[in-house]
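As annotated by TrEMBL, signal peptide applies to 1-22. Residues annotated as domain 'Plant heme peroxidase family profile' in TrEMBL: 24-324. The feature disulfide bond is assigned by TrEMBL to Cys34-Cys117, Cys67-Cys72, Cys123-Cys320, Cys202-Cys231. What TrEMBL records for His65 is active site, proton acceptor. Summarising the annotation, TrEMBL assigns Ca(2+) 1 binding site to Asp66, Val69, Gly71, Asp73, Ser75, Glu87. Residues or ranges marked as heme b binding site by TrEMBL: His195.
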Amino acid sequence: MGGSAAAAALLLVVAASAAACAAQLRRNYYAGVCPEAESIVRDAVARKYRETFITVGATLHLFFHDCFVEGCDASVVVASTPNNTAEKDHPVNLGLAGDGFDTVLRARAAVDAVPRCRGRVSCADVLAMAARDAIALAGGPSYAVELGRLDGLRSAASSVDGKLAPPSFDLDQLTALFAANGLSRTDMVALSAGHTVGFAHCGTFAGRIRGPAAPDPALNRSLAARLRAWCPAGVDPRVAVTMDVVTPRVFDNQYFRNLRDGMGLLASDQVLYTDPRSRPTVEAWAQSSEAFSRAFVTAITKMGRIGVKTGAQGNIRRNCAVLD
């Protein structure tokens, strides 16, 4: 089988799998057992958001990293034990902010505080709802979340290898990674805009501002100067800066305007504009927040269908951080 034929076959398998998962998910899934589930989660996320706006980017980041590794099954929330190094302790996931995990655990505790809801709502669904609610709190689009996921039965750091994009990925690599999860290039560009409320550690873009290849000619000179001040030589690479330096607390289409101005923080952000194949999409969404919002809702809904566990494939954990 030729390369293009093999790729097409893979996409068909992924699409068929995603369609099967989508059939198992539905809106208002908990109407019969815990009708207040969504409002409880929304209130819990709002309380966390009032404490820190980092809640938004942290929760969305967590949802993405969960879905791309073993599917949307809350396996990223599981804590390591002496006998198992869980996903969250893989080097790639050490940058996930603790506020995202805290948001999920608090929201699930709030749900379980209602007797008829206790043990009825999965951690995976709580994370999906929390991501939606965080986006809305930051001014982004609100949308109906498909529910009905079970929690995964395993969480291993080894599962993370090769599943998440490093900041050095080019357009072809990004497109291939998302295609492996049933997502199109358009979905990839839309989901990348989650960085509009995100943070990046100095180490993820250090090569663009300092070193033999610096400064990156695609990086806005003014931003490069600011980044060198925020991330001086010798700084702890875990120090984080906002990825959208214009409207960091708002979920909007400023991300695309920034790319147009050479202000994408990561190389994998800026490539969406420098590569002529994705530039028209960036241009269109920089001009229309409505078009971006529609595309983002479509993309995150599709992402929420990745690797959904049902039946014997999963369960509803008593504690989101502990495998039952």
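Keep in mind that glycine also has a Cβ here, set from the backbone N, Cα and C atoms.
Whatever TrEMBL says is automated annotation, not expert-curated.
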Out of Cys123, His195, Cys320, which of these recorded positions is nearest Gly71 (Ca(2+) 1 binding site) by C-alpha distance? Cys123
By the 10 Å Cβ-neighbour count, the most surrounded of the disulfide-bonded residues Cys34, Cys231 is Cys231
Other residues with Cβ within 8 Å of the Cβ centroid of Asp66, Val69, Gly71, Asp73, Ser75, Glu87 at the Ca(2+) 1 site? His65, Cys67, Phe68, Glu70, Cys72, Ala74, Val76, Gly152, Ser155, Ser159, Gly307
Which ones are near Asp66 (Ca(2+) 1 binding site): of the recorded positions Cys72, Cys117, Cys123, His195, Cys202, Cys231, which have a Cα within 10 Å? Cys72
For Cys72 (disulfide bond), the same-chain residues 6+ apart in sequence with C-beta under 8 angstroms from its C-beta are Phe63, Asp66, Ala124, Leu127, Ala128, Arg149, Met303, Gly304, Arg305, Ile306, Gly307, Val308
Shortest C-alpha distance to Cys320 (disulfide bond) - which of the recorded positions Cys34, Asp73, Cys117, Cys202: Asp73
I'd like the Cβ neighbour count for Cys123 (disulfide bond), meaning other Cβ atoms within 10 Å of its Cβ, all protein chains included. 28
Report the member of Cys67, Cys117, Cys320 (the disulfide-bonded residues) whose C-beta atom has the most other C-beta atoms within 10 angstroms. Cys67
Where the residue listed as 'heme b binding site' and Cys34 (disulfide bond) are concerned, what is their Cα separation in Å, rounded? 33
Going by Cα-Cα distance, which of the binding-site residues (Val69, Asp73, Ser75) sits nearest to Cys34 (disulfide bond)? Asp73
Given the recorded positions His65, Val69, Cys117, find the one whose Cα is closest in space to the Cα of Cys231 (disulfide bond). His65
One should report the C-alpha separation between Cys117 (disulfide bond) and Glu87 (Ca(2+) 1 binding site), rounded to whole angstrom, as 28
